[in-house]
Amino acid sequence: MTVSSAPGKVYLFGEHAVVYGEPAVPCAIEVRARVGVKRRDDSKLRVHAEDLSLDGFTVEYGGGADERPDVNASESLLMAATQYVDSAIEQVREVTGEEDVGFDVTIESNIPLGAGLGSSAAVVVAAIDAGTRALGTTLEPVELAERAYRTEHEVQDGQASRADTFCSATGGAVRVEGDDCRSIDAPDLPLVIGFDGGAGETGELVSGVRTLREEYEFAADTVEAIGDIVRNGEDALADGDVAELGRLMNFNHGLLSALGVSSRSLETMVWAARDAGADGAKLTGAGGGGCIVALDPTEETETALSFTPGCEDAFRAELAEEGVRRIE
Ligand SMILES: Nc1ncnc2c1ncn2[C@@H]1O[C@H](COP(=O)(O)OP(=O)(O)OP(=O)(O)O)[C@@H](O)[C@H]1O
Ligand SMILES: C[C@@](O)(CCO)CC(=O)[O-]
Ligand SMILES: [Mg+2]
């Protein structure tokens with residue numbers, strides 16, 4: 001068994017706008033997806049996922065062109081659950097030239113699905129890393145990030161940025177603008193996460209913003225304004241100015257909300273954090289439900305969130321300095 005893990009992330013600034021070439025600053029956090037792979041002696045894939053919200057399940061498929069996966073779940077659930085893994089293994093086949101290789105894949109993840117903490121990127125990065133290593137190829141983090149990006153791009157119908165996958169592969173705080181991806185210095189930030197127990201559909205949310213942007217010039221301007229916030233945020237990060245970072249996060253949230261990717265529970269959590277004295281709070285990731293990220297060095301925000309109806313979990317997140325981790 002070859003095992004790799006990769007971290008999830010929060011966006012300090014710039015989700016959605018990054019898809020249209022604006023800069024973004026995501027930051028890897030210590031919640032991880034761990035993927036183990038073992039080469040099979042046929043070309044099938046057998047995926048065992050422990051922590052999916054659709055209860056753990058095992059599925060075995062491949063081998064024949066139209067072979068239906070052998071699992072007791074509806075096709076749409078199955079698609080949602082397996083398409084990233086499938087496409088990651090395709091990348092492994094392409095990198096190694098072993099077109100017909102099959103694997104037993106085991107996924108264990110502490111990252112809630114579809115909640116804005118980058119579960120898809122973490123699973124894909126860990127799966128490609130473990131898969132290639134199992135076949136004797138070790139990818140550099142930048143190449144790994146590129147391969148993982150291609151996976152997200154394909155699964156999300158051509159609508160993905162390099163931000164999530166680069167951040168998950170390299171760890172730390174990163175700045176992504178188009179295909180320019182780099183690591184940046186970040187102070188130790190007092191990150192608090194609130195999770196509403198729900199999820200948003202990344203592909204649909206990205207499409208929604210795309211449509212608005214095409215339809216209204218002011219929506220296109222809103223996307224550009226998010227880019228301006230990110231550039232200001234970079235200065236605040238360099239200065240270690242948490243108060244300014246918070247103000248800019250609040251502004252960024254307002255614009256995301258205007259673009260239609262917030263939700264009632266995300267708003268409730270953002271306001272609970274602000275009322276508790278957080279320096280700033282915003283949704284993170286694609287939105288529609290899932291997580292907010294707040295800045296607060298005190299215990300107040302975490303405590304307030306834990307008593308907020310609609311907030312299912314509140315926790316402090318540590319920056320993950322390490323990206324992909326090679327475990328066995
Ligand atoms: N533990 C897991 N096991 C198998 N597949 C997973 C697991 N975690 C995530 N995935 C895959 O990732 C998909 C969720 O990705 P999606 O991009 O919608 O959300 P996210 O990455 O968690 O949030 P965001 O992109 O907003 O940060 C799932 O439908 C599934 O295909
Ligand atoms: C919404 C989005 O910006 C972030 C999802 O975590 C999509 C992407 O960058 O691929
Ligand atoms: Mg994702």
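Note: Cβ is positioned from N, Cα and C throughout, glycine not excepted.
Copied from TrEMBL, the annotated features are:
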type: ACT_SITE; residues: ASP164; note: active site, proton acceptor
type: BINDING; residues: PRO112, LEU113, GLY114, ALA115, GLY116, LEU117, GLY118, SER119, SER120, ALA121, ALA122; note: ATP binding site
type: DOMAIN; residues: 84-172; note: domain 'GHMP kinase N-terminal'
type: DOMAIN; residues: 235-301; note: domain 'GHMP kinase C-terminal'
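Here the features listed in TrEMBL are painted onto the structure.
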residue : record           : Cβ contacts under 8 Å, 6 or more apart
GLY114  : ATP binding site : ALA199, GLY200, GLU201, THR202, ALA286, GLY289, GLY290
GLY116  : ATP binding site : VAL10, TYR11, GLU15, GLY200, LEU283, THR284, GLY285, ALA286, GLY287, GLY290, CYS291
GLY118  : ATP binding site : GLY8, LYS9, PRO26, ILE111, ASP164, CYS167, SER168, GLY285
SER120  : ATP binding site : TYR84, GLU152, VAL155, ASP164, THR202
ALA122  : ATP binding site : SER5, ALA6, PRO7, GLY8, ARG32, ALA33, SER109, ILE111, SER168
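In sequence order, GLY8, ILE111, GLY285, GLY290 are the residues of the same chain, not among PRO112, LEU113, GLY114, ALA115, GLY116, LEU117, GLY118, SER119, SER120, ALA121, ALA122, whose CB sits within 8 A of the CB centroid for the ATP site. For the domain 'GHMP kinase N-terminal' (84-172), the predicted model reports an average pLDDT of 95. Of all the Cβ atoms in the protein chains shown, 23 others lie within 10 Å of the Cβ of PRO112 (ATP binding site).
With respect to ligand 2, the recorded positions PRO112, GLY114, SER120, ASP164 contribute ASP164 as residues with a C-beta closer than 6 angstroms to one of its atoms, given in sequence order.
Ligand 3 lies under 6 Å from the Cβ of SER120, out of the binding-site residues PRO112, GLY114, GLY116, SER120, ALA122. Its Cβ placed at the centre, the residue listed as 'active site, proton acceptor' has 34 other Cβ atoms within 10 Å.
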